Amino acid sequence: MRALGFWLLPLLVVSGVAGAADFVGPESCKGCHPAAYTAWQQSKHARAADSLTESQKKDARCLSCHAPDQAQQNVASVTCETCHGGGQYYSPGYVMKDPELSRLVGLVDPSEKMCRTCHDASSPSLRPFNFVESLKAIDHWSAERAKKSTRAEAPSPPPAKK
Ligand code: HEC
Ligand code: HEC
Ligand code: HEC
Ligand code: HEC
């Protein structure tokens with residue numbers, strides 16, 4: 001894995017990739033992260049664009065939080081890659097298995113600061129944003145991590161289908 005990543009790296013650096021990766025869409029993450037996908041799909045983030053009326057869907061002010069990547073990446077709502085970064089370069093399995101390489105080519109660890117770009121004073125929430133509580137409400141990683149520990153003895157990649 002490492003060796004492949006090693007060869008890929010110079011290519012990516014030369015093409016000036018950092019921060020500019022295209023989105024692959026949530027369906028592309030689903031095959032390898034089925035539990036995360038299901039949890040996300042049931043969250044309000046997955047339906048954020050649906051909260052807007054047809055005319056609001058053309059209003060850049062609303063889109064900036066409800067569908068920030070629609071214009072550039074043609075991906076609606078608040079999607080995996082809105083938080084984790086465009087997956088074009090990190091989503092291949094052999095890159096994903098290398099935590100350092102994944103991050104080098106675009107995988108983002110979402111921070112509280114990132115949440116607050118949308119969950120700020122201008123959002124309609126009645127209560128101020130509480131990061132710890134809000135994280136619990138969007139949990140899509142506990143099941144993934146439980147699975148990871150069972151998989152530890154079996155180095156083969158996860159099956160594409162459930
Ligand atoms: C070909 C399979 C595959 C695809 C497609 C894929 N992943 Fe992964 N992903 C993995 C594997 C394998 C890991 C390594 C960790 C593990 O064993 O679960 C991983 C790890 C991660 C991690 C944790 C990284 C870390 O080091 O903490 C995140 C976050 C993640 N993937 C997000 C995504 C997102 C978002 C997408 C879609 C844009 C995606 N993945 C697509 C296989 C994949
Ligand atoms: C790109 C903008 C954006 C980012 C970044 C973002 N959110 Fe959201 N979030 C929204 C929008 C918009 C909604 C409301 C969706 C709807 O109902 O239409 C929402 C809804 C939620 C809700 C559901 C609120 C409810 O009333 O049930 C939770 C919880 C939440 N977000 C947590 C988070 C956390 C935690 C982070 C950071 C890890 C985060 N969000 C990052 C835009 C964002
Ligand atoms: C700064 C980011 C931001 C902007 C800009 C924004 N929203 Fe939101 N919106 C949110 C967040 C975050 C929530 C979820 C609040 C919560 O429940 O915590 C939300 C919730 C909503 C909801 C309630 C959805 C539900 O499930 O009850 C509607 C409707 C909505 N927004 C419409 C709009 C419209 C229309 C615009 C444009 C005029 C807009 N929003 C602009 C962040 C934003
Ligand atoms: C609103 C932002 C947001 C969205 C949308 C989102 N994630 Fe995450 N994701 C996070 C945060 C924050 C964490 C880390 C939580 C923690 O470390 O406590 C995380 C963790 C993960 C992990 C576990 C990483 C690990 O350490 O094991 C995976 C896998 C993952 N996300 C995949 C996805 C996939 C796939 C999607 C879409 C189907 C998605 N995420 C959508 C914010 C988001």
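The backbone N, Cα and C atoms fix where each Cβ goes, glycine too.
As recorded in TrEMBL, the features of this protein are as follows:
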type	residues	note
SIGNAL	1-20	signal peptide
DOMAIN	28-85	domain 'Cytochrome c-552/4'
COMPBIAS	142-151	compositional bias 'Basic and acidic residues'
REGION	142-162	region 'Disordered'
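Note: the compositional bias 'Basic and acidic residues' (142-151) comprises 10 helix, 0 strand, 0 coil (DSSP; helix = H, G, I, strand = E, B). Within the domain 'Cytochrome c-552/4' (28-85), the DSSP-based counts of helix, strand and coil residues read 38 helix, 0 strand, 20 coil. The predicted model assigns the domain 'Cytochrome c-552/4' (28-85) a mean pLDDT of 95.
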